[in-house]
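If you check TrEMBL, you get these features:
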type     : residues : note
DOMAIN   : 29-284   : domain 'Protein kinase'
BINDING  : Lys58    : ATP binding site
REGION   : 305-351  : region 'Disordered'
COMPBIAS : 308-317  : compositional bias 'Acidic residues'
COMPBIAS : 341-350  : compositional bias 'Acidic residues'
Amino acid sequence: SHILPLGLACHGLFDPLGRHSPAVMEAKYQRIKIIGKGSFGKAFLVRNTEVDALCVVKQMDTGMMDSKDRQDAVKEALVLKKLQHPNIISFQEVFMTRKGRLCIVMDYADGGDLHTAVHKQKGELLPEATIVEWFVQICFALLHVHDRKVLHRDLKTQNIFLMASGQIKLGDFGIARVLETMQGFAKTMVGTPYYLSPEIIQERPYAYKSDVWSCGVVLYESATLTRPFCADSLVILAGKIVRDEIPEPDAIYSSELRALIHAMLSKDENKRPSIRQVLKRRFLFTSLQEANEKFSLGQDLAEFSEAAQEEDEDEEGCEGRGRPITAPSGNYDDGISDYSGESEAEDAEQPEIALSRSVAQLRIAESQEAGGVGGSK
């Protein structure tokens, strides 16, 4: 017999008619190879024998989990079911094996991940058109996530996947947090160190703008082939993220792209644009249209078109008030984050907590890691 983890049956993730019996489901998915391992299970590339299509099964041993971990596994399945979008790895179904393992069935991205795509360049910078095509799709996905009151919390190039067509798929919502209210703030330190925002490191409350920072790191990495901050230890890395300015991206990229990187990597989250505000940048609009058409995303672009037109009108009426020719160093705020009617929870002032407190915690964590944190690959 198999026992469903608490929450799965009542949330409608399992078929009440019994078609999801363990034996039937195990026969449906033909295992090809292991493509990932974690604390509580493995990810397999499998073939759905009913439709002859490749997909991924994330298999977790719920028997090894405590109640919180089981709840987290259920939450991941629920979050994936909630987030259906062309630029997000789709949840297909969930089932239990005869040995009581929880299996989440997801899309398979046949083009690998963004980290591999970026670092196989071996120092040859990517064309801006390619970077922006990827970036706007990541933003479409993140907008969909944030509009449903979900934080990704572990956005990085390894969690962004490519289809062979070039379509982007955002994945791995294993530590996503659903905000119960628009005033909700997460307070736990999670995520990959290179992509952590200053507010997470300083243990200040954080929300959507923390994902914006991580997305800015992804954009920076795509443009420079390296991360903005690297160090041989977590403590040094934390200090750099909080205090250091980012190395300037190459001048072959447009001033608009470089200015956007600076805006997204503002140390002050209140000066960072939201993802919606990022997508309203005029220089991105043509790329929004092209990606929307090329990949049949079905994205409504009306609000972004209107914002781009308003920006054009503003510049026509105020000569000389346009963007700088070169992107400035440091925190860059071009005023775009001040759209009326877009006050978000993360814009509220939050008390700062000294870095030293979290550094002490990082030292403890670092002592448990072999070799600390190295530079970018």
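Cβ coordinates are placed from backbone N, Cα and C, and glycine is handled just like the others.
Note that this is a predicted model, so its numbers are computed, not measured.
Confidence in the domain 'Protein kinase' (29-284), given as mean pLDDT, stands at 88. Of all Cβ atoms in the shown protein chains, 23 besides its own fall within 10 Å of the Cβ of Lys58 (ATP binding site). Lys58 (ATP binding site) falls within a strand segment according to DSSP.
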